[in-house]
Amino acid sequence: MSFDFIKDRDKKVHFIGIGGISMSGLAAVLLNSGYKVSGSDFKESEILKKLRLSGADIYIGHSEKNIKDVDLVVYTAAIPENNPELIYAKENNIELMNRAEFLGSIMKGHKYNVAISGAHGKTTCTSMLSNITLKANLDPTILVGGELDIIGGNFRIGSSDYFITEACEYKRSFLSFFPYVGVILNIDADHLDYYKDIDEITETFGQFADLIPNDGYLIGYVGDSRVKEILFKAKCNTLSYGFENADVTARNITFNEKGCASFDVYKHNDKLFDLTLSNPGEHNILNALSSICVSLIFDVNYDDIICGLSECKGAHKRFEYKGEVNGVTVIDDYAHHPVEIKATLNTSKKIPHNKTFCVFQPHTYTRTKTLFDEFTDAFFDADEVVLMDIYAAREKDTGLVSSNDLGVALRAKGVKCTNVHSHDEALEYLKNSAKPNDLLLTVGAGDVVIVGEKYLNQGK
């Protein structure tokens, strides 16, 4: 399949699942470049409303009628084979491209492509780098897996050769990209509905690194042994970061009352500058270092790096302050992997409060089943866990695992855990349990945020 972003502007492109965070960004890039765009999704959303206003033809529901006048159909890995639009496109020889291939074809039109990969932190790192490059007037095109206030959403159209995007390993999607700078934040066991094990995942990240040209750069975190090994084997230029034994390091770290870090940035033994982040948590020091490494490659001046990071508020759903009611602070976070949950709860410890209520909604049956033991060890920093039913997303319930099973295992390890089966049930429990100066975290990649929003709106 082929698509030339510059030459194919007379084509009409249809997106199956256009309401997704990545697909909507790609659709917006085309709309802003003069393309005719259509798309379908299963329910209405604010994203779809924005795309309509930009000129896209939007359909709610999937039907072959939606694609009878299109030249190219773009679909995601989450679209099932029995989707009627996908079937019609195949039967009628309409050109098809998956999302990753399509994004790769757009990247071809840029020289300085930055692809940010890793099991955790991609959106935050992309947000930080976006802030820096905008401060430095590099005028980048940006595709981010979350809503970022500084660009007014999940995409930005630039007019320069700089292109910044997240690079997801699910179904080897990022192997369709053309990175000049590749970032590997970390490697972890995830997407085990597709990968056999962590070794296969690591091998795929190695293949991603091999995509970088010899004059390009691979940036990686040396505290992750698998990333360190890929850095060692890389054929391109490399730049490592970490707390020690790396090219770029953070030293003399302290935290303020909001949980945000201040530290000195060193390259080898030379101090470059000192910095205070506006994103809380120790893990965000590493995210900042990765974005600093990219900035150094592009010769961004230190003042722009400092300003970009100190003013970066991050993307929505990344330890996002939602509000306060009756003295209870509500924060929402996208964490859905045990490592991410631990980082989120560790961050919450740095904020003065009494009890931490963690409302967690597991995301997919496969992840809950394959990482079950890891999930049972992820919540020790929460005073109470309110455990919702599993959010199925792209899967069907096989009956092999449930939130009740996870609740039993957590209670067996001494975690105070209450199972609930709806947003309203979670809300009622919290209304009766949370007290002034408590912290309420809604955690997960599904729709658990609704619980926090309803809690904030109680009595209105």
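A Cβ is built for glycine as well, from the same backbone N, Cα and C atoms used for every other residue.
Swiss-Prot lists Gly118, Ala119, His120, Gly121, Lys122, Thr123, Thr124 with the feature ATP binding site, giving sequence analysis as the kind of evidence.
Features per Swiss-Prot, on structure.
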residue: Gly118; record: ATP binding site; Cβ within 10 Å: 25
residue: Ala119; record: ATP binding site; Cβ within 10 Å: 21
residue: His120; record: ATP binding site; Cβ within 10 Å: 22
residue: Gly121; record: ATP binding site; Cβ within 10 Å: 25
residue: Lys122; record: ATP binding site; Cβ within 10 Å: 24
residue: Thr123; record: ATP binding site; Cβ within 10 Å: 24
residue: Thr124; record: ATP binding site; Cβ within 10 Å: 29
Inset, instruction - Using DSSP with the three-state reduction, classify His120 (ATP binding site) as helix, strand or coil. - result: coil
Inset, instruction - Using the centroid of the Cβ atoms of Gly118, Ala119, His120, Gly121, Lys122, Thr123, Thr124 as reference, list every other same-chain residue with Cβ within 8 Å of it (recorded ATP site), in sequence order. - result: Ile116, Cys125, Leu185, Asn186, Asn287
